[in-house]
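S.K.: The following feature annotations were taken from Swiss-Prot:
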- GLU286: active site (ACT_SITE)
- CYS320: active site (ACT_SITE)
Amino acid sequence: MVVPFKNEPGIDFSVQENVERFQKTLEQVKNELGQTLPIVIDGEHITKDDTFDSINPANTSELIAKVSKATKEDVDKAFESSNKAYKAWRQWSHKDRAELLLRVAAIIRRRKEEISAVMVYEAGKPWDEAVGDAAEGIDFIEYYARSMMELADGKPVLDREGEHNKYFYKSIGTGVTIPPWNFPFAIMAGTTLAPVVAGNTVLLKPAEDTVLTAYKLIEILEEAGLPKGVVNFVPGDPKEIGDYLVDSVHTHFVTFTGSRATGTRIYERSAVVQEGQTFLKRVIAEMGGKDAIVVDENIDTDLAAESIITSAFGFSGQKCSACSRAIVHSSVYDEVLEKAVALTKELTVGNTVDNTFMGPVINKKQFDKIKKYIEIGGKEGKIEIGGEADDSTGYFIKPTIISGLKSSDQVMQEEIFGPVVGFTKFDNFEEAIEIANDTDYGLTGAVITNNRENWIKAVNEFDVGNLYLNRGCTAAVVGYHPFGGFKMSGTDAKTGSPDYLLNFLEQKVVSEMF
């Protein structure tokens with residue numbers, strides 16, 4: 001009997017003993033940096049001469065790992081391995097596959113601090129965010145294992161005289177997982193192992209910036225006894241193998257989290273039926289957001305300011321759920337803005353090894369992109385605080401608030417994916433909802449209000465997949481807040497939901513006559 005699902009706890013760093021233990025873990029992980037990571041195909045670890053570097057975004061002189069680059073030939077071998085493994089893996093019972101996932105979760109739990117420390121170095125994650133990422137990975141795995149057990153017997157359908165009918169679920173085949181760098185363990189583990197527990201096999205192409213974090217999962221899968229070939233590990237240059245993975249006649253599904261441009265490209269290419277392809281590919285895509293917090297009149301302005309700042313600047317704003325737009329009633333606009341600026345002044349920015357609130361942004365490309373948007377925002381509105389950027393040692397950008405913006409302004413329309421939030425005002429709640437919906441995205445949103453009528457209006461009209469009342473718009477919790485968005489935010493395949501595994505299953509009906 002499996003115990004009920006329970007979320008994995010974080011670590012309380014207000015306890016000095018926990019701080020000291022994690023500092024030791026950071027030192028241990030630091031001593032292991034700089035190794036060459038292999039590709040892994042059919043259980044074989046293959047080190048390549050052709051590599052790329054994963055570096056510490058907080059200290060760009062520090063090498064995290066050299067990463068072997070998979071070629072198209074390697075991808076072909078990986079598909080061959082996965083197709084072969086699928087024949088046996090799909091025959092495992094739902095219960096046995098779920099129990100293996102629970103074993104994986106138990107090993108991650110034992111190594112949680114190690115995995116968290118890797119993310120501090122490789123992704124520039126603050127301590128709490130890194131531990132939360134590892135814990136969420138455990139949550140996804142535990143949740144999906146139980147979901148598979150619940151689906152094991154299918155769903156009841158009607159019988160009639162002389163006829164017995166069964167409705168049940170079966171696996172699809174081999175697929176491709178392309179996870180992001182911003183939740184390099186949680187999303188990577190969840191989007192890899194959800195299809196696996198459903199009986200499918202996967203080629204995992206990790207994000208180039210966080211390959212070591214993904215490789216830790218490969219180590220754990222091997223320790224847990226996952227049969228070789230069920231997950232093949234193919235890090236590489238997306239320009240060389242990205243389209244090749246998506247286009248393959250062997251790819252039954254693609255699960256992707258990342259940019260809108262890449263997501264829509266995957267969606268388009270997956271719609272093309274290749275020669276020899278006898279099925280339609282499925283795409284499960286999450287592509288970002290332009291998330292807003294709407295602040296009504298007659299509210300707690302401290303709550304409003306704190307909700308905005310926490311949601312905007314946690315992990316340097318590098319969350320698809322991050323607040324990048326504050327839409328504030330004109331009667332409280334000045335007060336909320338003033339308090340938000342005051343809170344921002346208190347934030348610490350620096351190398352997250354030192355447990356700062358904010359660390360770097362992930363790489364030079366993102367650094368330059370965010371700098372450009374700050375320059376644009378300074379022309380469209382007024383920079384109230386922040387705006388400074390320094391890449392002399394790492395990719396650091398100060399938390400930035402831009403006021404006096406219009407909904408049509410570029411920084412209020414386009415996803416920045418950095419520590420930048422724009423403020424605009426409204427005079428009535430209907431106008432607020434119009435502004436909130438005035439983007440191509442629809443992922444998360446929040447409303448700070450004491451007016452029940454306005455809240456109901458937001459529930460019905462604020463066009464986002466995840467909507468929160470009187471709190472920030474980040475920090476969805478597995479089992480509580482299934483996560484996914486509308487419009488150009490993706491396919492709304494809610495991760496951590498009772499329905500998520502259905503993306504990787506086919507429904508079959510068997511009618512037996514007597």
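Even glycines carry a Cβ here, placed using N, Cα and C.
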S.K.: Determine, from DSSP, whether CYS320 (active site) sits in helix, strand or coil.
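M.R.: Reduced to three states, the DSSP call for CYS320 (active site) is coil.
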S.K.: If you skip the near sequence neighbours and keep only those at least six away, which residues in the chain come within under 8 angstroms of GLU286 (active site), Cβ to Cβ?
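M.R.: Non-local contacts for GLU286 (active site): PHE256, THR257, GLY258, GLY263, CYS320, LEU443, GLY484, GLY485, SER489, GLY490, THR491, ALA493, THR495.
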S.K.: For CYS320 (active site), just count the other CB atoms lying within 10 A of its CB, please.
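M.R.: A count of 27.
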